[in-house]
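What follows is a single structure, written as structure tokens, with notes after it.
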Amino acid sequence: MTLSPYLQEVAKRRTFAIISHPDAGKTTITEKVLLFGQAIQTAGTVKGRGSNQHAKSDWMEMEKQRGISITTSVMQFPYHDCLVNLLDTPGHEDFSEDTYRTLTAVDCCLMVIDAAKGVEDRTRKLMEVTRLRDTPILTFMNKLDRDIRDPMELLDEVENELKIGCAPITWPIGCGKLFKGVYHLYKDETYLYQSGKGHTIQEVRIVKGLNNPDLDAAVGEDLAQQLRDELELVKGASNEFDKELFLAGEITPVFFGTALGNFGVDHMLDGLVEWAPAPMPRQTDTRTVEASEDKFTGFVFKIQANMDPKHRDRVAFMRVVSGKYEKGMKLRQVRTAKDVVISDALTFMAGDRSHVEEAYPGDILGLHNHGTIQIGDTFTQGEMMKFTGIPNFAPELFRRIRLKDPLKQKQLLKGLVQLSEEGAVQVFRPISNNDLIVGAVGVLQFDVVVARLKSEYNVEAVYESVNVATARWVECADAKKFEEFKRKNESQLALDGGDNLAYIATSMVNLRLAQERYPDVQFHQTREH
């Protein structure tokens, strides 16, 4: 049975994101993936070491200075017979809220681990988010050109700490200065590593068969024998790869390599296009939407300001769930119940924009947004339903924001509301005074906000400490009890950027007391958009 042209396009798509701890090599691996997808000709110098060519996926001013990917950009490239969409996730310690939401828009994740360090804190947090939807995970053990921990130990650590079985696909031969290459367990082939070839795709020499004398000649008798001994252990002690268990999020195929040396990345990509799922069904408040449906649906998971400094615009990133986008089509924005004609949607190669004529499930569209689109918005061809599972997370850090020039209050508020709509920060306006309180998940977000207020809104602002420990969104089914709660707690209530009521607690004890005193009021740690 041949698939219709539409279903063939759906079957070709693979949409994934990379999760890692900062400095595990995520930006480098992103570049090498794009290199294999022929999206860039030579891999850029990461963090622009003495050069102007910044890593292709890091592009806001502050990122240029700090060498971190603050924003979540999207890159599409062909690989074998597939079209791959890579959603770049902010790799720095602080950008978790955006990163969490990006993970709601992918069908698969690549976990990058620094093989010298093993599982790190950030990796744990991001894995927890992928667990909410049992997202399939591939694993790349990076930095084999340095001295690493024992590979068996690394697998044990992933299994014990992240509660996912490991199925090694490739196995390293030596490491650091002695790194010779990897052996592919399922193809019975050894791929030999050459150093100093990291910027281009290299011709790799392949030795067939584990007992081939050419292997001993290529890597030395000692390393060849060590490899054979280790593989006996590996085959006895680790999981075999099983595609169904992988798709259920229960085991992860593990690849070894060095992103900087551009070695092993293609093995991982081969596995990704072969095993990762095509666009998956998604839940709405009324039903499940299948990718094969012919009516268009999609949801917004991120809003990005000023992707292009020359254009003062914002772009809403929308994941296509079903149907085909065609230029000029009319879509219903469910939240406002308004129909809009989308004639200028964008697709991305980070930093470069091009207009899209058509897009399919799994693809990410950029919609020009002049303040009318919010995170979590659903677009359909008329059906009134809303995709679920795109949350806001209660901030953990708070500052009061103050203007250097009091006359610019209006611009400040506008800037903060826009920044909160795109998820860069959350803003709370206390009901009882004129303060503006900014909430974030990590400290660096505060710096980003001040820098962006200055460059985009021409507003100079400074922070002051504020006596706020946490915030919870509040609601109550009983209107009378809710009125009483609001009356008695006015000094601790605030409206967020979307005018939702929140309780601002001065301490965790204060929050617990309020929850005990008002059992009918619900205090929410996350809020569905």
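Keep in mind that glycine also has a Cβ here, set from the backbone N, Cα and C atoms.
Annotated features in Swiss-Prot:
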- 11-280: domain 'tr-type G' (DOMAIN)
- 20-27, 88-92, 142-145: GTP binding site (BINDING)
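Locations of recorded Swiss-Prot features on the structure.
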residue	record	Cβ within 10 Å
S20	GTP binding site	24
D23	GTP binding site	17
K26	GTP binding site	26
T89	GTP binding site	27
L144	GTP binding site	28
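DSSP assigns S20 (GTP binding site) to a strand in the three-state reduction. Within the model, the domain 'tr-type G' (11-280) shows a mean pLDDT value of 85, rounded to a whole number. Look at K26 (GTP binding site): DSSP puts it in a helix. L144 (GTP binding site) falls outside any helix or strand according to DSSP and counts as coil.
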